[in-house]
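Engineer: Please find one structure pasted underneath; my questions will follow.
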Amino acid sequence: MAKLIVSDVDVKDKKVLVRVDFNVPIKDGVIGDDNRIVAALPTIKYIIENGGKAILLSHLGRIKSDEDKKSLSLAPVAKRLGELLEKPVTFVPSNEGKEVEDAINNMKDGDVVVLENTRFQDIDNDFGKRESKNDPKLGEYWASLGDVFVNDAFGTAHRSHASNVGIATAMKAAGKPAAAGFLLEKEIKFLGNAVANPVHPFVTILGGAKVSDKIGVITNLIPKADHIIIGGGMAYTFLKAQGHNIGKSLVEDDKVEFAKELLEKAGDKLVLPIDNVAATEFNNDAASEVVGQDIPDNEMGLDIGPKTIELFKKTLEGAKTVVWNGPMGVFEMPNFAKGTLEVGRALADLPDATTIVGGGDSTAAAKQLGIAPKLTHISTGGGASLEYLEGKELPGIACVSDK
């Protein structure tokens, strides 16, 4: 069922509550990466350019004590948003009470207000984690502040919080619209369609350290994908399951039997490394060598080897849909980043393919290579992307009204 989108709703003269994902890295009041703020701009601009009042809610980090509040205020984010919008943005240093209500009542059409970090509600109250545990009264209170709710935070779509599910539930109960923003719409369109209705050949590239993080994804995609490429630390659990010696490589021994089952179920769909770059220690400057699928006892695999790079490139040839999540090696160490970077290049060079990238290291690789403009979509969600690829219904999407 298609979801209601912000562009389906009349926002003129309306107070529009928008759950954005402004969970950006901040150190000493300085924002390290403003990508998530930039990603929210199309929805915010649409609302204010069409005569609506934009009231923005977001979490930032995890609040465990009063001490955390100092470093996790959204004040620097509101300032940066004002610079990006090239207009004044009002920051309210609370998210409940008279100060909030007065600020909203004083808004004119086209104004933007940013409320304080929603997770400040996770301490100092009788309920406990009011935001993270979805206190219905908090959701109802926030819903009472607006006429329309827009969820544009894919990064928290796999969580049922007061600021997404709570507000949407209360809005719909009051007969008010709960819509998806343009960013959420994009994730549904590309990531959702890649899983539900991919154009074939459909190839998934999975990497990262742990098989356990990707078990649900592999299980869900075996019937759907034409090939599943496995790289990164998780590959060694599969190589061990095949009977190879993996030396000191990262392995999840409790997942070896499960890896055997997946190998049996997937047949030749699973594409594993055929050679590896190995070293005696986990260190960028460690002396390394290219070895086959068997790794010497005193060494550990830290990247895919040159033959594997060629194999993975060949597997990608002719693909029409590709989803990539996770690095092929220890990407943060330059000497073991080649596999990840080469796979990224191959992805960018695919003609007529829908290419979707998710996960921090894969996204960082795409940016480092300058290939982001050549990719169809870079997902803004970490855990949310994985759960979507697992075929799970995400609460933050389910709570949005259907068209």
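From the backbone N, Cα and C atoms, a Cβ is placed for every residue, glycine too.
Feature table excerpt (Swiss-Prot):
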| type | residues | note |
| --- | --- | --- |
| BINDING | Asp21, Phe22, Asn23, Arg36, His59, Leu60, Gly61, Arg62, Arg119, Arg159 | substrate binding site |
| BINDING | Lys214, Gly301, Glu332, Gly359, Gly360, Asp361, Ser362 | ATP binding site |
Engineer: Drop a 10 Å sphere on every Cβ of the binding-site residues Asp21, Glu332, Asp361 and tell me which sphere holds the fewest other Cβ atoms.
Structural biologist: Glu332
Engineer: Check the binding-site residues His59, Arg119, Lys214 for other C-beta atoms within 10 angstroms of each C-beta and report the one with the most.
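Structural biologist: The residue with the most neighbouring Cβ atoms within 10 Å is His59.
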Engineer: May I ask for the distance between Asp361 (ATP binding site) and Gly61 (substrate binding site), taken between their Cα atoms and rounded to an integer number of Å?
Structural biologist: 19
Engineer: For Asp21 (substrate binding site), identify the closest of the binding-site residues Lys214, Gly301, Gly360, judging by Cα separation.
Structural biologist: Gly360
Engineer: Restricting to the chain of Gly360 (ATP binding site) and a gap of 6 or more, list residues whose Cβ falls under 8 Å of its Cβ, or answer none.
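Structural biologist: Looking at Cβ-Cβ distances below 8 Å from Gly360 (ATP binding site), excluding near sequence neighbours, one finds Gly382.
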Engineer: Do you know offhand how many angstrom separate Arg119 (substrate binding site) and Glu332 (ATP binding site) by C-alpha?
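Structural biologist: Taking the Cα atoms only, Arg119 (substrate binding site) lies 30 Å from Glu332 (ATP binding site).
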Engineer: Near the Cβ of Asn23 (substrate binding site), how many other Cβ atoms are there if near means within 10 Å?
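Structural biologist: Result for Asn23 (substrate binding site): 21 other Cβ atoms within 10 Å.
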Engineer: Determine, from DSSP, whether Gly301 (ATP binding site) sits in helix, strand or coil.
Structural biologist: strand
Engineer: What whole-number distance in angstrom separates the two most remote CA atoms of the substrate-binding residues Asp21, Phe22, Asn23, Arg36, His59, Leu60, Gly61, Arg62, Arg119, Arg159?
Structural biologist: 18
Engineer: Identify, among the binding-site residues Gly61, Gly359, the residue whose Cβ has the fewest other Cβ atoms within 10 Å in this structure.
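Structural biologist: So among Gly61, Gly359, the binding-site residues given, the one with the fewest Cβ atoms within 10 Å is Gly61.
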Engineer: Just to confirm: which same-chain residues, 6+ apart in sequence, have a Cβ under 8 Å from the Cβ of Ser362 (ATP binding site)?
Structural biologist: Gly207, Trp324, Asn325, Gly326, Pro327, Thr340, Gly344
Engineer: Using the alpha carbons only, what distance in Å do you get between Asn23 (substrate binding site) and Gly359 (ATP binding site) once rounded?
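Structural biologist: Gly359 (ATP binding site) has its Cα 15 Å from the Cα of Asn23 (substrate binding site).
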Engineer: Any idea what DSSP makes of Glu332 (ATP binding site), helix, strand or coil?
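Structural biologist: For Glu332 (ATP binding site) - judged by DSSP and reduced to three states - the answer is coil.
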Engineer: Under a three-state reading of DSSP, tell me whether His59 (substrate binding site) is helix, strand or coil.
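Structural biologist: For His59 (substrate binding site) - judged by DSSP and reduced to three states - the answer is coil.
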Engineer: Between Gly301 (ATP binding site) and His59 (substrate binding site), how many Å separate their Cα atoms?
Structural biologist: 38
